[in-house]
Amino acid sequence: MAKHKSQPKQGIRREVVQNPASSKTIETPASSSNFSIDEKWIPAILSVLVFVSYIPVWQNSFVWDDKPYIPINDIVKNFDIKGIFSEYVVGNYHPLTVLSLAIEYALVKEQTWLYHLDNLILHILNSWLVFRLIQKLNSSFLVSLVTAVLFAIHPLHVESVAWAAERKDVLYTLFLLLSLWYYIQFDETGNKVHYGVSVLLFIASCMSKGMAVVLPAILIITDYCFLKKPIGVKMLVNKIPYFIITFIFAYLATHAQKDAGADASSVIGSAYTTGERILLTAYAFCFYWVKTLLPYNLYPFYPYPNKATGSIPAIYSLALLGTLILIGGIIWFGRKDKRIWWAGAFFLIAISTVLQILPVGSALVADRYYYLSSIGPLFLIGLLVNKFYASAKGVLVGFIIVTLLLCGMTFVQTGKWKNELLLFTDADKAFPNDAMILSNLGWYYLDHKDFQTAKQYLMRADDGGFKNADVCRTIGSMFLDEGDNATALKYFQKATQYLPKSNRTNWLLATVYYRMGDYKNANYYYKITLDNELANAEYWTSYGLSLMASKKFEEARKAFKKSMSIKPDYWDAYLNHAFSYRQEGNFNQEIKELDELIVKAPTYLPAYKNLGVTYVDLKLDDKAVEYWSRAAVRDSTGDFEYNIGINYVNRGDIETAKQWYIKSASEGNLNAKNILKNNGVPGY
């Protein structure tokens, strides 16, 4: 490959000036301003702006997808390296993101401060890289500074920075910008080491988030607009490794989305005509440009439009006009300044995977999609500020005012990510009855133990057509806890329709059938569950109970023994194994096994309870009292004292029974208190 010469390439008239803050010579377009400050202050300026703007982040808890990503993600909690690199997480393949979360969890568990601190640090690094890249490409200090400052504080970036689970945004952008940097270094020096580093960084970016697959196209527009390479075979040859990586990770991303049931193509395709989908894409395109200038009314979720009148609202048609004007303007003005073409193309390429041309998920647009793509529009603003600064120095004062205003807006927006109630309440007002928003409010109330309110929100979400297996499973589980098995079954069956291959749903189906006395179906679903998860002790024990209820005692005992072998201290399995002999009338074997269990687990109280019950059935009341008395010493509920009281009543020894009831009542047992009160015992 021919070495590149060090002198500026032809095509744009340049003049060489000496940057007073550096020993390096910077090539600057003739239209550049002479504004400059010492570059060593830039990281400090960006850091202060970010940390001040994001002050409320320190009070933010885990919200929305944070929970399946971190506190209830076994891969993260167990630091499962194999799982990190081989399994999909929440419909994505991004092992480096998951690895970073696993490291943090190992250090601080569920304390959120470290997750937020790392996101802020990564965001500051990205802002610094934006400054350095724009300066390298454009050579104007002011353009670079304006672009980087706006990138650091723009309110549309709050979702990517203040949301722990969006680590993937700040991480993939870091690797992508570094990959672009080293590619440009390779172009300048011809050093193949830089090229190799660029490729490796691109792989790291793709392993952080699938949206990184846009880099090859970004390299092409950078070649054409800044590095003065004509588009052709020669330009594309060194992009081949990037495109191969793109195809691999694009496949993984698509497969992960389908595996999680997030492929919305068929649903959106049936809900909207081809013409309407074009309008939706145009709206998504315009949304980010409008919010760049007017970043207000920001929500965590923006649903597809309601077609209550039979067609989508007129604003979507206006968006098509706006899109044509925007693209036309970029093409027109870019004829004389390819930096404008680069900015527009950078945005379009970076956002292309989520413009809903091929629908993914249930959101039409999202603030987080703007993170990388924002570099294009913000670069254009930098060019404008630079242009006007040359003739009107007051523009810098205006920019400072805008910066302070944006810092304030980012501050306020960050505070809304404190919890789901704050996060989704405004969204619920803006998009009433949207199923996704309702479901997240439901999760909030569920976490705060307000089960009835949670159930109402989740049922409204399901009635609104959310078609989410987690929602249906949760509703069904609440009805199951209430004893409404028939309604629970209905929701579990719906969950199976939405996500057919869910082991958790199969286990819940087995459980509800078991409680309904339909042991045939219960055994069927337990067997399916175990076929997919053989090493789950809880599942084996549940299966054993169902087999025992079916009078298949030998099979039940095999299931309980399997559970014991998987988890030797899972005492419920031992208890149920012993109970199976009682069901057959073999009390001696039950007693033998329960005595052995007490030796292994002296504090496991259900064993004492069952021994007492068995001895009562054998008319050996004193033995029953002996075991219950031993348990009472280890128990603080008063339940065992209460059982002893009942035993003495049945023997006709009321006075002794009263003493045991008094002991039980002293530990707060309401049944004992009521008996004493009803029998006129003073003090009750």
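Each Cβ is built from the backbone N, Cα and C atoms, and glycine gets one as well.
Going by TrEMBL, these are the annotated features:
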type     : residues : note
REGION   : 1-31     : region 'Disordered'
COMPBIAS : 19-31    : compositional bias 'Polar residues'
TRANSMEM : 141-158  : transmembrane segment
TRANSMEM : 170-186  : transmembrane segment
TRANSMEM : 198-220  : transmembrane segment
TRANSMEM : 240-256  : transmembrane segment
TRANSMEM : 277-294  : transmembrane segment
TRANSMEM : 314-333  : transmembrane segment
TRANSMEM : 340-358  : transmembrane segment
TRANSMEM : 370-388  : transmembrane segment
TRANSMEM : 395-412  : transmembrane segment
REPEAT   : 469-502  : repeat 'TPR'
REPEAT   : 537-570  : repeat 'TPR'
Using DSSP three-state counts, the residues of the repeat 'TPR' (537-570) come to 27 helix, 0 strand, 7 coil
Among the recorded stretches 141-158, 170-186, 314-333, which has the greatest number of Cβ pairs closer than 8 Å to the transmembrane segment (370-388)?
-> 141-158
Are there at least 3 C-beta pairs under 8 angstroms linking the transmembrane segment (277-294) and the transmembrane segment (340-358), leaving out pairs fewer than 6 apart in sequence?
-> yes
In the same chain, who gets a Cβ under 8 Å from the transmembrane segment (395-412) while lying at least 6 residues past its ends?
-> 35, 49, 52-56, 146, 149-150, 153-155, 157-158, 295-296, 385, 388-389
Give the residue counts of the repeat 'TPR' (469-502) per reduced DSSP state, in the order helix, strand, coil.
-> 27 helix, 0 strand, 7 coil
Same-chain residues near the transmembrane segment (141-158), Cβ under 8 Å, at least 6 residues beyond its ends = 19, 26, 32-33, 35-37, 42, 45-46, 49-50, 53-54, 123-124, 126-128, 130-132, 134-135, 288, 291-292, 295, 298, 367, 370-371, 374-375, 378-379, 381-383, 385-386, 389, 399, 403, 406-407, 409-410, 413-414, 417
For the repeat 'TPR' (537-570), the averaged pLDDT of the predicted model is 97
Same-chain residue ranges lying at least 6 outside the repeat 'TPR' (537-570) that approach it to Cβ under 8 Å = 507, 510-511, 514, 517, 519-520, 522-523, 526-527, 529-530, 576-577, 579-580, 583-584, 601
